[in-house]
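Asks: The following block contains the structure, expressed as structure tokens.
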Protein chains: 2
Amino acid sequence: MKIINVTKNVSLKRTIEAGTETQQQAVTQIIEKVKAYGDEALMALTEKFDGVRLQSFAVTKEEIERAYEEIEEEALAAIREAIENIRDFHARQKRETWITTKEDGTMLGQKVTPLDSVGVYVPGGRAAYPSSIMMNVIPAQVAGVERIVMVSPPQSNGSWPAGVLVTANELGVKEMYKVGGAQAVAALAYGTETIAPIDKIVGPGNIYVALAKRAVFGQVDIDMIAGPSEIVVLADEKANPIFIAADLLSQAEHDPMASAILVTPCEKLAQKVADEVIVQLETLPKKDIAAASIQDYGAIYVTQDLAEAIDVVNQLAPEHLEVLTEEPLTLIGKIKHAGAIFLGPYSSEPVGDYFAGPNHVLPTNGTARFSSPLNVDDFTKKSSIIYYSQAALQANGKKITTLARLEGLEAHARAIDKRLEEEK
Amino acid sequence: MKIINVTKNVSLKRTIEAGTETQQQAVTQIIEKVKAYGDEALMALTEKFDGVRLQSFAVTKEEIERAYEEIEEEALAAIREAIENIRDFHARQKRETWITTKEDGTMLGQKVTPLDSVGVYVPGGRAAYPSSIMMNVIPAQVAGVERIVMVSPPQSNGSWPAGVLVTANELGVKEMYKVGGAQAVAALAYGTETIAPIDKIVGPGNIYVALAKRAVFGQVDIDMIAGPSEIVVLADEKANPIFIAADLLSQAEHDPMASAILVTPCEKLAQKVADEVIVQLETLPKKDIAAASIQDYGAIYVTQDLAEAIDVVNQLAPEHLEVLTEEPLTLIGKIKHAGAIFLGPYSSEPVGDYFAGPNHVLPTNGTARFSSPLNVDDFTKKSSIIYYSQAALQANGKKITTLARLEGLEAHARAIDKRLEEEK
């Protein structure tokens, strides 16, 4: 791993996949086909891309029952407990409608309403992660979204992996369709005979899914389009290099473009971690991916002191930040930009990826400067409530017309004047 | 105005300006120039588009003092009271960092942090609205944003209108630059010698500004790109047609593409409003704009009953909704999609546009299905906080490794195992 003495500004090596022109055109064509031919297009595209001709997209009871026979008891228990933890954490984010009243009869407030319907995209193949289903479905459920539609491409056997089916069923998802790619996104946005359209699409996907989400944005809402994953570890001389190396590698195994970075004022630790990464890398099943990530996007930044290290962390604005310093809790206030902050030696990133409760869908690519983890607010919208009594308008009408006329909007002023005249 | 008996589905005539290819290219070139030449490019582009060669972009104390001499006392008082109301309402939206603790030492929470810096774009010419400045600046201030930068094109005299200068000064805005258009957006996103870059750009603008905002999105965050404005009035037979006509016209005077729509189960009211619109239109200064809007985008929908009328409103998902029925407050729960809900005969839309306190930056074009009024949350971001004690990891580590291995992510599992091994 490269060890770099930091002097001034650092930033993540950002990589936003924009897609090639060919990919863009393919996505445009797929969307047009689904809009024009509905289910028929979905059938044909699924056969083309997933190699399966389906009779029906809907997941059946039998498929779910079979999945329960397949899944290990230990895994099922862990899924259930994770769901409980994630539900508990997100329930604490929920906001209520509120109203404030004044003596003159004025009422002002903010109504919080869940979205009517949400589509959750789940990638196929190796990225069909049960944890990702939980993290996208639960905040929508907690928000009160009535209709949640899950889509994911079928495997070559025409079904989904057992872990995906069991997790969706444990969550209580009722509408599940075996369709993936840009065609699934188009179906969610515009609807087909089988799939009624939804209001917002969330969930990760490959470049075609990302391009399709971008294309339907406006017709429906979408979540952020995630870039490659990142971890930054902030550590001092007391930190355990074995833990740090393991955590950096857990990020690196995701993607050759994932970033794993250590920031420390301790040169000795830097060297130990660099050595330990090589040792641990050797026996990893995903050694090739992790090695490429460490080589191209990994780094160890050595700073003058802890204050400078914190400054570097804030410049990086990482998706995941681990704080392995002597008093990690006291640093929360100094950390300005991070998607999730893991504090202390036992809060390894996978604790949050799978189990603790907070969402693992986090702002990547330095967007933690202005973006938040996926949360219940993302599945609700607000409406302002304004009630003015006759007395309130009498008392304030003249001020309102003054402001309207200052902006040259006479019809605005007259709408108020009509009410004031009525009184005379 | 067209009176239409509603039978089934209705929707807003949506119009999203995508810009012509020439406009797109112009914006790309402007952004590249500003990135390459900084202030020099800003000077040249301001001379080209605004017809003024400025010595410096920064607004001076003298300009502000002159503006106070110009502004009417009554207007100043109204501005001050509006600011107070808007601040009060938005202060109620503010969220605090929270944490939840468990007996095993686990701490989970959500840290709320204001954005570091925000740029507020204020259009030039007739659209240099003091109210718009208040609505964009105040939620950022309430959120705790430290650096707020206001940009707006200079008038031909090289300065800003008095209303704009006074409002910005009353709000306490410290950084103000006389630069507009795509060049201002580029300067905010990438920075120049004079203007340090910011994290998020908000505020309305013409098509060039909108295209520039889209182009810099990702580099910085942006607010929604607003479409033409809409009002929907939901009214029953008790409603006053004079009020309704005035309110429809107050929307129509904004823009020939603005929509003003009445939804009512009462045919008699429909006819009276249609007649009254013609009468009131006659004497409006912006008669031409309002007439075009009513002609092309205005409509009166007559429904079977009030329930059906509410259904139509939810289908339209309007930016502004006025409820002029006998018991307006009892309908709040039935209204699912609306940016702002104005209840009763004295809550005319301008009450909210200028004065009451809720934000007037609202989701247009039917996006109230999934979007919210501009609010304090838009100027903060959240970070998850995760602390696991050694005991908590001991108790839960095996479940986490089970889930990681179910997903085939061995390095994730090992990051936990390294900690569990340490205990033996």
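The count begins at 1 with the first shown residue.
Using the three backbone atoms N, Cα and C, a Cβ is placed for every residue, glycine included.
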Asks: Looking at B:54-81, B:110-137, B:250-277, which one is coiled coil according to TrEMBL?
Replies: B:54-81
Asks: From B:Asp199, B:Asp288, B:Asp353, B:Asp377, grab the residue that TrEMBL records in the same substrate site as B:Ser229, B:Gln251, B:His254, B:His320, B:Glu407, B:His412.
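Replies: Candidate in the recorded substrate site: B:Asp353.
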Asks: These are the recorded positions: B:Glu319, B:Asp353, B:Glu407. Which one scores highest on other Cβ atoms within 10 Å?
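Replies: In terms of Cβ crowding, the pick is B:Glu319.
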Asks: What subset of the recorded positions B:Tyr121, B:Gln183, B:Asn206, B:Glu319 lies within 10 angstroms of B:Gln251 (substrate binding site) at the C-alpha level?
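Replies: The recorded positions close to B:Gln251 (substrate binding site) (Cα within 10 Å) - there are none.
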Asks: Rounded to a whole angstrom, what is the largest C-alpha distance between any two of the residues B:Tyr121, B:Gln183, B:Asn206 that the record assigns to NAD(+)?
Replies: 13
Asks: To the nearest Å, how far is the Cα of B:His254 (substrate binding site) from the Cα of B:Asn206 (NAD(+) binding site)?
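Replies: Cα of B:His254 (substrate binding site) to Cα of B:Asn206 (NAD(+) binding site) measures 14 Å after rounding.
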Asks: Output the one of B:Gln183, B:Asn206, B:Ser229, B:Gln251 that, of all these binding-site residues, has the highest number of other Cβ atoms within 10 Å of its Cβ.
Replies: B:Gln251
Asks: Near chain A by Cβ (under 8 Å): which of the recorded positions B:Gln183, B:Asn206, B:Ser229, B:Glu319, B:Glu407, B:His412?
Replies: B:Glu407, B:His412
Asks: For the recorded NAD(+) site, enumerate neighbouring residues of the same chain (Cβ within 8 Å of the Cβ centroid of B:Tyr121, B:Gln183, B:Asn206, site residues themselves excluded), in sequence order.
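Replies: Neighbours within 8 Å of the Cβ centroid, excluding B:Tyr121, B:Gln183, B:Asn206: B:Pro123, B:Val151, B:Pro153, B:Gly180, B:Gly181, B:Ala182, B:Ala184, B:Val185, B:Gly205, B:Tyr208, B:Val209, B:Ala212.
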Asks: Judged by the number of other CB atoms within 10 angstroms, which among B:His254, B:His320, B:His412 is the least packed of the recorded positions?
Replies: B:His254
Asks: Should B:His254 (substrate binding site) be counted as helix, strand, or coil on the basis of DSSP?
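Replies: DSSP call for B:His254 (substrate binding site): coil, neither helix nor strand.
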Asks: Between B:Glu407 (substrate binding site) and B:Asn206 (NAD(+) binding site), find the distance joining the two CA atoms and give it rounded to the nearest Å.
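Replies: Rounded to the nearest whole number, the Cα-Cα distance is 48 Å.
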